[in-house]
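Have a look at the structure below, then the notes.
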Amino acid sequence: MKRFLEKSLKIYEHEIARFTWLAVIFFAVFFVTAIFRNYVDTAFLKRYGPDYIPWMLVISAVLTMVVLAYADRIAKRFSDTYLMILVFGGYAAAATLCWLMVKSKLSIVYPALYQLMGLLDAIQLVYLWNIAGDLFDARQGKRIFPLVTAAQVLGTTVGSFLTRPITYGIGEDAALLVFALVFMLVAMFMTITARNIVGETKPEAVVTQKAPETKRLSEIPGIMKEFPIIRFLIVCGLIPNILLPIFSYQFSVIANNNFASEQSLITFLSVFRGATTSVTFVILLFAGRLYSAMGLPNASLVQPVNFTIVFGALTTFFNVYVAAYGQFTLILIQRAIAGPVNKILFNVIPKALVPWSRTFIRGTLLKVGMLAGSLLMILLKPVMEPHDFAYIAVVLAAYWGFETLVFRKEYKRILKQVIVVDKIDFDRVEAGSAFEAGGAPMGLESAVTEMLPGEEASKEEKPRILAPEVALRLIDDPSPQVRTEAALAFAIKPDMRAARKLIRCLEGPDEELRTAAIEALISYPPDILPILEASFLQANVRGKQAILEVIRLSSKINDFEMAHLFETLVEEAYGNLIVIRMLHRLEQRHGTQMLKEHLLSRNDEILGLLFYALWVYHADMRLMYQALKSENASVAVEMVETSIRGQNLPYLVPLIDDLPLDEKIEKGRKMFSLVARDSPERLLALLAQSEDSLTRMLAVYAVADLMPNQALIPVTESRLEDDDPLVRQVAEYASAIASGREAHMPEIIDIINKLKTFPLFQGLGTRELHAVASITKSGKLDKGEIVLRAGEENPSIYLILSGQITTYEDYGTADQKELRTAEENGYLNFVPMFTNLSPANTSVVTQDAEILVLPQSQFHEIMRVYPQIGLNLLKMAALQFRQMGFTA
């Protein structure tokens, strides 16, 4: 069953319990509601008459608004689940009372039943779907809401087909007792099980939202103008509910005229509705794929177009065939397409408006529409025939279609607005803060200056003009300053002979040289694109980012295609997922955990590059990349999917969507030739041959965790002669374990572990820690040794692993004063590292100490490549300022 749910219905393990619980409730509720509806419609039409339907709809609209307003007050104090338990229990009692009134021949019971039916529809629409919306987000809703609706439709189908046998067997009026019994059972089921699914259901006060949950009518036009999603949902809530009473009245008139007896009418309604919902149920099983193929904006067009067709036909052909087509398609589209689509869209409303929109748009507004449609019929009924209402309806349906086209056009902006409700203009955020995964931010100050208006640009220092032959010679100079000057010369006069040399400058740590190379390459003609694309495949992450930045900023390159460039990288990402799954299955030891963290970080690095490339033509991609790790992740994924539709990038969405690991891998297998046998021996052997030295090192370290395993011995031996000394170091450690010899923790791994304990390096990935560890020197100091002497240059940072180091003012004099003592996980010389100023005080070892030393020059180079390290240091500096009393 689990396999069927995951493979066929795309419901994953962590969703199964919630989906099953919801589906059972929806099936049971709508099963018995279908029986109740068929009985109420038949009894009212034959025992009371169709002429009263417009008045019934008016009363229903007013009654529903009053009841929903009261229910909204209750919902602010209690959960939606508790409210529905009360509703189901109350309806069970009311249905039993109505059965007694029917047996007592009280005709007033039929209008009462009609009102109960209309009120039940509104309550179920609002509060049952509120529960569903709380259980699943927008992306999950695209998969799951059609299936929940399928459970609803299946219940309606079975109930519709069983109405005739049930009423024939136990009598028509006994249908009320069946309804009461099932609703009471549902209420009991929810009372017993809901706590495990949705949490507390007892009548305890619900925490109120920060934003007000009610809006004055005068505020609504402003909200509609500010938030297009609210405008569209209001239109979708109002117009269909003006049109539906008109069609219901027309359908009732046609059905009543064509079926003379009560038995023939209830048979027609049960069979017709059962057949309609059967087809709807089948379509709903594939609706999630339909939304993915069409997109939500296109799917939203189906309902207004169909309404226009139905009412257009009724203006000319007012007969049972057109009425049957209308009833069939309206139910089909509402349940299979429009209903789930609108419910998904309710999950992309700005959070501050969610509580208000749930009750106003889903509840009150629907009844306002019904009231408007009903009053319109009552006012015009003396002067118009039933079929003439179709002329008014077709105009309203056409306007609805127009509003949907506007929504379709604005859909991307709507999704962005949900994420950036505070109206930050992310297009003006400096490039340096856009992406931070796996490389330095793009320092584009001089590149941006090139593009300033002439008057402002003239204030900047212009690069010196060099002869092409001179610039070509200087671009290979050992001095970064000289190479920077040569690169800027090519910004004035591009030369294809320098293209590859400039591209190599993009990978280095010198920021000024890198920026100059970017400026130069931006000025090259479109012919540079093939060279940039070819270089992209071999460049490191920092170089790849810079190449993409050149393409983005160039006004001459406009035919960049990213799909083929990223296939190798994306295939690597899906391959990493296979290894991560394998590592999950193993005993979680230090080596396997480090490798898993590294592969996850590597996949983030690949995603960062993908979004960097998308940024070339989609300015919102910086925002989307940041939003993927926020509470708006599902909305961000929806916007990404909408933005890249048609761009041959099927591999991106599965990587960022909230899918189980197995499902992501299966989607990857459909696009790439991934490894089929995922045994630890096979996968670790492949990783140990990676082009990335850090991946090779961690793969061999993970192999050490699995020793003794004879199949893995060749893996360690293959790396004993690795080009990278750190990989050889770890391979010797693994080989010693395999042969049973004494093995000491590799120094590089030991330093990485120690760096993790310092607040300076918390939150860094394995690649960043490996870079820092590679330049770190360890040492031991004896008591009395002077570490830092006042006035003597020493820009290195000292990290204390154990012992104590005390800092003194006026050390060795009569005025000597102890300032502070650094102990385990402390550090010294933070300020001189960045200011090049000599220490103002002297630091002395007061208890034998073990330390790590970070040399300034090498540490600065690493910080340029991995900016997260610098951000951590800024955070530490800010905390120190705060401790000193600076809070501004």
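Just so you know, glycine gets a Cβ as well, placed from its N, Cα and C.
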Candidate ranges 271-292, 513-534, 601-622, 865-886 [criterion: TrEMBL lists as transmembrane segment]: 271-292
The transmembrane segment (229-251) and the transmembrane segment (52-71) contact flag, 3+ Cβ pairs under 8 angstroms: yes
Maximum Cβ pairs under 8 Å to the transmembrane segment (52-71) - stretch from the list 21-40, 83-102, 108-132, 174-192, 304-326: 108-132
Within the predicted model, mean pLDDT of the domain 'Cyclic nucleotide-binding' (760-863): 87
Three-state composition of the domain 'Cyclic nucleotide-binding' (760-863), taking helix and strand from DSSP: 26 helix, 42 strand, 36 coil
Touch test for the transmembrane segment (21-40) and the transmembrane segment (304-326), at least 3 Cβ pairs under 8 Å: no
